[in-house]
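**Student:** Grabbed the feature section from TrEMBL, which reads as follows:
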type: BINDING; residues: A:HIS111, A:HIS115, A:ASP311; note: Fe cation binding site
type: BINDING; residues: A:LEU137, A:VAL138, A:SER139, A:GLY140, A:GLY141, A:ASP170, A:GLY183, A:GLU187, A:ASN283; note: substrate binding site
type: COMPBIAS; residues: A:345-356; note: compositional bias 'Basic and acidic residues'
type: DOMAIN; residues: A:23-318; note: domain 'Gcp-like'
type: REGION; residues: A:335-356; note: region 'Disordered'
Amino acid sequence: MIVLGIETSCDETAAAVVTDRREILGDVVLSQLTDHRPYGGVVPEIAARAHLDHLDGLIRRAMDEAGLGFDQLDGVAATGGPGLIGGVIVGVMTAKAIAAVRGLPFIAVNHLEGHALTARLTDPAPEGLSFPYLLLLVSGGHCQILAVEGVGRYRRLGTTIDDAVGEAFDKAAKLMGLGYPGGPLLERAAEGGDASRFDLPRPMKGRPGCDFSFSGLKTAVRNRLSELPPGPFDPIDIRDLAASFQAAVGDVMVDRCSRAMAQFRAEHPTGDTLVVAGGVAANKYLRARLTALADKQGFRFQAPPLRLCTDNAVMIAWAGLERLRLGDTDGLDFAPRPRWPLDPTARKPDGKGAKA
Amino acid sequence: MDSATGACSVALWRDGAIVARRFAAMDRGQSEIMVPMVQEVMAEAGVGFQDLDGLGVTIGPGAFTGLRIGLAAARGLALASGLPLVGVTTFEAVGHGIPPEERLGRAVVVAVESRREDIFIQSFDNDMKLADQPRSIRPDAFAVPDCPTLIAGDAAVRLRMALEARGLQDAAGLRFAAGPGLPDAADVAALVAERGFASAADGPPRPFYLRPPDVTLPAAKPR
């Protein structure tokens, strides 16, 4: 079984081809980073225009890489949401059109489901990763802990009540004058810093449940910056503040995840794997903290390779393939969904700024 | 195919005539019905993609999201079928849709809704040849042409209101088209059949937004 996947929900335009033997035959990603950098964030209209300009050419390249014609596909999958709707529409329309021409099944994939299932494609064990497992999804748009019980079966144990963790990195980095995107820049700035120098809060730490909150941490960073001497920032101050920020995020992650692990284990005694996915999984410091936590709690730690943690089309093709195997496909009248929770039964988190 | 403004339509042209057509006036939801419309029209005409010589689509201007729906679908169809794809502008499609008797002896101004303060306009002479450059203007900045002119398009209503505010709606030789002024895939198909597919060799048609994204660069930070 071979599936073409298309991803256009944020600022990466991507196409990929995967097989049910867990092979990646083609994988092309075009980052729009330079288009958006001057604005300090993703501009939806600029993103939508770029997706349309490049998507058909990228699909052609992915198919060429795979050495396949459209007739050799078994299905076409595209991110159907959640995300920036202008971009999602471009990917969905393109996929529907290919499906119509070639008489192929179309699968509208939840972008988060793509992140959630990638570990089943990349797990090094020969038999792959089986359900259930615990997923920490941390990116610029999301911060959730989910029990992954099967394809299409996700139970949310916790989510952010305000900012996503990647968003917190971006905002903190912006306040520190580090530029965009802030995650990798802040991580680099923190190298060798004194993480104990600045007093920053650990929002939600020790509280019941597994929810997150990061807006207070961002405010604290702003306050610490305002207490610094006037004039240009001293690089040492920024280094120590970045390290202090990262340590605070790490403490919160470890606290929330250890609670989630206990809850997951109580409900799923056979589950033994913590999967971390999303762009923030690229942060080496956080990864080390979570690996140590997993070791301590007797969980296997699994994170897909870096290029499959950030947005990509391999994960969409794979999630589409998992759905197609179960006969779960969509009509060509599918309506793109700007909002699309993985666990529709999850209660709305407390907090005014709740997004996810 | 068209979904550039407040409608969604698909039509199939064969040997000089439209043989199947779907048209729905709608401001949103084109992403849901566009591809099923393609399938219905082809089924009704009894043709498969291998029977087609090419594809045509409106490239705008119009609603940014709407024109991307049509273009993404059309470019996807072209990619998967290997068929040539050419674009026509919303001005050309709307202009082609005006009955010849209605525009007899008149120049034509096509005014397309932007759903913002401005409108998009372009003029044609009385042989429907392009007479000026497409542009975005505020309706109250419209200069009444000095020759008999028919105003068409889905922004004609707003243009008329702006002219009324200036007392110019009855200016000599000025008329407003009777139809709703929405582009129709039947006109897109007819125009493309007339022009052929040679321009498809230059690559897929690009969207014609006529306005840059609404975004401003952030102010420089204090430190």
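Cβ coordinates are placed from backbone N, Cα and C, and glycine is handled just like the others.
Please treat TrEMBL annotations as automatic predictions, because they have not gone through curation.
From a predicted model like this one, the values you see are computed outputs, not experimental measurements.
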**Student:** Show, in sequence order, which residues other than A:HIS111, A:HIS115, A:ASP311 on the same chain lie with their Cβ within 8 Å of the centre of the Cβ atoms of the Fe cation site.
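**Tutor:** Checked against the 8 Å cutoff, the neighbours are A:GLU7, A:SER9, A:CYS10, A:THR79, A:LEU112, A:GLY114, A:SER139, A:GLY278, A:ASN312, A:MET315, A:ILE316.
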**Student:** How far is it from A:LEU137 (substrate binding site) to A:HIS111 (Fe cation binding site), counting Cα to Cα, in Å?
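**Tutor:** Rounded to a whole number, the Cα-Cα distance is 11 Å.
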**Student:** Taking all residues of the domain 'Gcp-like' (A:23-318) together, what is their mean pLDDT?
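**Tutor:** Summing pLDDT over the domain 'Gcp-like' (A:23-318) and dividing by its length gives 96.
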**Student:** Would you pick out, from the binding-site residues A:GLY141, A:GLY183, the residue whose Cβ has the largest number of other Cβ atoms within 10 Å?
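**Tutor:** That would be A:GLY183, with the most Cβ atoms nearby.
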**Student:** Once the chains shown are all counted, how many other Cβ atoms turn up within 10 Å of the Cβ of A:LEU137 (substrate binding site)?
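**Tutor:** By my count, 27.
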**Student:** Among the binding-site residues listed here (A:HIS111, A:HIS115, A:ASP311), which has the Cα closest to the Cα of A:GLY183 (substrate binding site)?
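**Tutor:** Nearest in space to A:GLY183 (substrate binding site), counting only the binding-site residues, is A:ASP311.
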**Student:** Which entry in the list of binding-site residues, A:HIS115, A:ASP311, has its Cβ near the fewest other Cβ atoms, using 10 Å as the limit?
**Tutor:** A:ASP311
**Student:** In whole Å, note down how far the CA of A:HIS111 (Fe cation binding site) lies from the CA of A:SER139 (substrate binding site).
**Tutor:** 12
**Student:** Would you kindly give the Cα-Cα distance separating A:ASN283 (substrate binding site) and A:HIS111 (Fe cation binding site), rounded to the nearest Å?
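**Tutor:** About 21 Å separate the Cα atoms of these two residues.
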**Student:** How many other Cβ atoms sit within 10 Å of the Cβ of A:HIS111 (Fe cation binding site)?
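**Tutor:** Its Cβ has 27 other Cβ atoms within 10 Å.
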